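I have placed the structure first, in the form of structure tokens, so that the comments after it can refer back to it.
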Amino acid sequence: MPAIVLVGAQWGDEGKGKATDALGARVDYVVKFNGGNNAGHTVVVGDEKYALHLLPSGILTPGVTPVIGNGVVVDLSVLFEEIDALTARGVDCSKLLLSASAHVIAPYHRVLDQVTERFLGSRKIGTTGRGIGPTYADKINRIGIRVQDLFDESILRQKVEGALDQKNHLLLKVYNRRAVSVDETVENLLSFRDRIAPMVTDVSLELSRALDRDEIVLFEGGQATMLDIDHGTYPYVTSSNATAAGACTGAGIPPNRVDRIVAVVKAYTTRVGEGPFPTELLDADGEKLRQDGGEFGTTTGRPRRTGWYDAVISRYSARINGVTDFVLTKLDTLTGWERIPVCVAYDVDGVRHDEIPMSQSDFHHAKPIYEFFDGWTEDITGARSMEDLPKNAQAYVEALEAISGSRISAVGVGPDREQTVVRHDLLG
């Protein structure tokens, strides 16, 4: 089984880094295929905690080749900040591969992202302000800068000039900001050329050959299904395809090479930024989930919105992605609750919806219909099998599996790599 795709099933921050890292020692390549440094993941190895934003979490596993695919937008300054920080802590980053076709976040992309959000005011999307959306917009408008362009200064300058002809007019006339210098932008981008040269390659070809050798390739999705540009809660979404299909376009592999699709889902729900969230808790219960779960953004540090588990979203994710296995994370965060609600359907203006409403307006007005499950008080962080879990925790996991659309193959009971209950082999 050479290819496995790993995605988030909710609105991100599900613990994909932990799931990727748990698989990492058994795979040969870990490929990031979408997004940029707008999504962070934290991996705990022993007493060491690593916060990654752009690098694939497989970079922490010796022997694994980490890959950044063509579907990623790359802030080169952030890339080398992460590489240098990991190198200083003894992590070998020399095997990293970077697609020549990946698009580059230029300084003006960050500026435009930030001023646009401020300009929108109450209508803002809630971006991280890191230039992700503007870079993808340039890609679609065919005026983007790719990694390979850094190796031809004349082409690079031509592209920067063409982009800034339009963007400086916008900055000056609409946003009342100063113009961005072509020379400074070109100089900034060229400063990274020598450092990226050893890692730049044809990622699609590299991965095709690896799969032909029956090596195991793990495709690691950024963000999550409900933030997908096409299938998420538009317009409150990211700018890339964060569903399993994005692995094919974002890394250059055909769909028939993918053998298994794993979706990571929290035992409750969180969201960062604007947009609908039917099970959101705006009271003391929501704050307790936030504090107990450490729900503060890896990238931004801002508090995450919290709510109960939403099986409607899980079923949707299972269908959209073709999920073969779920990994349930942060079950330990629910320890101590007397009763745990689970959303099994929505009420929209008196009508029951077992699936996500088609219209944005209906989704905004959706009210959760809950079933309730008995909680537990026992410490579960030492559990390594289902039998180690309290009966009520076992019943909760089994209930989520029954209503979520696919089997739950692993359960996270703590932040460490070893704190996982494995029910089914994800690679078997």
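In case you wondered, yes, glycine gets a Cβ from its N, Cα and C as well.
Per Swiss-Prot, the features are:
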{"type": "BINDING", "residues": "12-18, 40-42, Arg304, 330-332, 412-414", "note": "GTP binding site"}
{"type": "BINDING", "residues": "Asp13, Gly40", "note": "Mg(2+) binding site"}
{"type": "BINDING", "residues": "Asp13, Glu14, Gly15, Lys16, Asn38, Ala39, Gly40, His41, Thr128, Arg142, Gln223, Thr238, Arg302", "note": "IMP binding site"}
{"type": "ACT_SITE", "residues": "Asp13", "note": "active site, proton acceptor"}
{"type": "ACT_SITE", "residues": "His41", "note": "active site, proton donor"}
{"type": "BINDING", "residues": "Thr298, Thr299, Thr300, Gly301, Arg302, Pro303, Arg304", "note": "substrate binding site"}
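Overlay of Swiss-Prot feature records on the structure.
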residue : record              : DSSP (3 states)
Gly12   : GTP binding site    : coil
Lys18   : GTP binding site    : helix
Gly40   : Mg(2+) binding site : coil
Thr128  : IMP binding site    : coil
Gln223  : IMP binding site    : coil
Arg302  : IMP binding site    : coil
Distance from Gln223 (IMP binding site) back to Gly301 (substrate binding site), taken between C-alpha atoms, in Å: 16
Top Cα neighbour of Thr42 (GTP binding site) in the set of binding-site residues Asp13, Thr128, Gln223, Arg302, Pro303: Asp13
DSSP state at Leu331 (GTP binding site), helix/strand/coil: helix
Residue, out of the binding-site residues Gly12, Gly301, whose Cβ gathers the largest set of other Cβ atoms within 10 Å: Gly12
The one of Gly15, Gly40, Pro303 whose CB sees the fewest other CB atoms within 10 Å, among these binding-site residues: Pro303
